[in-house]
Amino acid sequence: MWGERKDQTVLVSGESGAGKTETTKIVIRYLTGEGGVDAAADRGDKGTAGGGGRGVVDRILSTGPIFEAFGNASTVRNDNSSRFGKFVHLNYSVNTRSIVGGSVKVFLLEKVRVTGCEVGERGYHAFYYLLSSPRSTFTWCDTKGVELQGWFGYTGRGGKTKLGGGTEGDRREWEKVNDAMRKVGWGEERIEGIWRTLEGILMLGQITGSGYEVDGELKQRVDQSGPERRMVRQVAELWSIKEDDITNMLERRVMITRGERMEIRHDKEKMGWCRDAIARGVYVRMWEWMVGELNNAITGPGGGGDGADKGAGVMRIGVLDIFG
């Protein structure tokens, strides 16, 4: 890069389970160490971002565990399969040859894995980290009297994980991810908000409704007398929305044609589809927000958070980790 004065790219490819994610981490650690901070330190340079080169490098490296927790999952071929594509840019100062910032572009997050997976696989790691966390974590809302049906619906097929369950590895990763969030500069309130959002998704997945008949047709609605109603209350509390909004979204859809408003009540199948669509939508919006916030944390003078413009006096090395 320095000899030719041209930006460079490293492409990490291979079949699922070949080691793409681990290779990407090794490459980034090498480039942030040998090519950036250490070289600058040998010359007495401090870098130009984040109070010195090491600060921005620490934040760049800390994005890795966060992306893996919320974008990777266990499959039959790979215990840490990337369910999205990732293009990491490392920006170097032409003058000091030290890292001054970075950015990450992500592609094609697998939405359907939020609400289920094949037998023998798991959903996104973050759900299992949350479920293996200390029981006190769930004081964010009152779960007394809430029937969790043993296994959570969105994690039960593959991981068979329940509240307080999970592996020792999951419990270690829970601490690791929270530590990484703090290193990128996120406060406790923001971190709690992320886990509250995940907990709401898990609880939403427990709502299946009960059948009732309308004009000879069998429809589905939230059980108003049982624990399901309390589950709706918990989701509303966790997401800071109204209970009626959740109930209405699950039970019916509204169509407006030529000024006429029609309410169409859901049967059991459509209620399940709607519930899963809400869960996926919330997860994806949270994911997109997290990507933006992580880019804000690592962006230096090297350009905007989307990595489109690298700015003057900056050269870049890109590392592409493809899906799988």
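Each Cβ is built from the backbone N, Cα and C atoms, and glycine gets one as well.
The predicted model assigns the domain 'Myosin motor' (1-324) a mean pLDDT of 83. Taken from TrEMBL, the feature domain 'Myosin motor' covers 1-324.
A 10 Å cutoff on Cβ-Cβ distances gives A18 (ATP binding site) a total of 14 other Cβ atoms nearby, all chains included. If you look up TrEMBL, you'll see G14, E15, S16, G17, A18, G19, K20, T21 marked as ATP binding site.
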Point to revise | Environment of G14, E15, S16, G17, A18, G19, K20, T21, the listed ATP site - residues of the same chain whose CB lies within 8 A of the CB centroid | key: N78, G324
Revision key, fill the gap. Here the 10 Å Cβ neighbour count for S16 (ATP binding site) comes out at 13
Practice item. Indicate whether A18 (ATP binding site) is helix, strand or coil by DSSP. Key: coil
